[in-house]
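Copied from TrEMBL, the annotated features are:
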- 1-23: signal peptide (SIGNAL)
- Cys32-Cys242: disulfide bond (DISULFID)
- Cys80-Cys90: disulfide bond (DISULFID)
- Cys95-Cys102: disulfide bond (DISULFID)
- Cys150-Cys232: disulfide bond (DISULFID)
- Cys155-Cys215: disulfide bond (DISULFID)
- Cys163-Cys178: disulfide bond (DISULFID)
- Cys182-Cys191: disulfide bond (DISULFID)
- Cys192-Cys202: disulfide bond (DISULFID)
Amino acid sequence: MAILQLSITLAMFFLQLLSGAHSSTFSIVNKCSYTVWPGVLSGAGTPQISPTGFALQPGQSTSIPVPTSWSGRIWGRTLCTEDSSGKFSCLTGDCGSSTLECSGGAIPPATLAEFTLNGAGGMDFFDVSLVDGYNLPMMISPQGGTGVNCTSAGCAADLNGDCPMELKVVYGSEGVACKSACDAFGDPQYCCSGAYATPNTCKPSTYSQFFKTACPTAYSYAYDDGTSTFTCTGADYVITFCPSPSTSVKSSNPMAVDISSTGSQPTSSAFIGGAITTTLAVFWQLRHLF
């Protein structure tokens with residue numbers, strides 16, 4: 001059995017070499033005026049990236065080599081602290097690991113950068129999703145790739161201040177995140193579930209349109225594929241938090257924030273997408289791996 005598994009692994013390796021599959025580099029940049037703690041979640045069955053969580057001070061950046069055919073998510077955690085027992089937690093984007101590194105995904109609301117590299121046709125598929133809500137501005141910018149849809153995507157706007165009150169997450173007197181309508185109300189028409197589980201039955205809502213108007217190239221609801229999924233071949237990627245300088249989650253000493261009494265938060269909503277073309281259908285299936 002071990003010999004068979006080794007043979008399969010070697011065969012996949014040589015197929016990737018023959019196909020000229022590109023191994024990308026992610027450059028993660030923090031242009032916010034506050035500390036951001038990025039989290040990384042690799043998709044099931046894909047190589048893992050290390051580290052899975054770290055801190056970026058304002059103005060800092062780091063580069064991560066990404067395995068060929070990797071799929072996964074990257075997001076930013078804010079207002080994080082470590083209590084006297086050593087438990088690490090964040091007010092937004094927390095991954096529930098109680099440590100700096102993550103072993104699971106972001107608890108919504110959180111802005112998500114999502115990737116499937118070397119997918120159908122050897123293309124990279126990427127998007128910035130607000131399907132699970134929003135906590136900070138984020139953009140993906142491909143570097144050196146090719147393709148008709150190989151362009152920057154995401155959400156550069158600061159939505160926390162203008163977030164509808166029924167969706168707003170408030171810390172003190174300040175909005176620090178913005179829930180999705182699905183997370184806030186649990187209604188199938190907002191969650192694209194039950195009788196609303198197809199592109200024909202799940203339509204944009206006034207809440208998803210709030211996100212889409214502010215961030216036209218980001219996913220605003222589950223079946224927002226047509227203007228929200230981007231593709232490149234042979235690219236590296238820059239993931240920027242607060243591409244336009246933002247002070248909406250400003251804290252002069254973010255590690256002093258006490259979030260021990262925030263209570264439990266809802267688990268992440270299903271990460272889904274519709275299929276409007278054969279290529280997008282493949283990407284949609286891959287997205288369900290998370």
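Including glycine, each Cβ sits where the backbone N, Cα and C put it.
Remark: Cys215 (disulfide bond) has Val128, Leu130, Gly154, Cys155, Ala156, Ala157, Leu159 as non-local neighbours, by Cβ distance under 8 Å and separation of at least 6 in sequence. Cys242 (disulfide bond) is 29 Å away from Cys192 (disulfide bond) when you measure Cα to Cα. Straight-line distance linking the Cα atoms of Cys202 (disulfide bond) and Cys32 (disulfide bond), rounded to a whole number, equals 35 Å.
In this structure, of the disulfide-bonded residues Cys32, Cys150, Cys155, Cys178, Cys242, the smallest number of CB atoms within 10 A of the CB marks Cys150.
Using Cα positions, the member of the disulfide-bonded residues Cys32, Cys80, Cys191 nearest to Cys95 (disulfide bond) is identified as Cys80.
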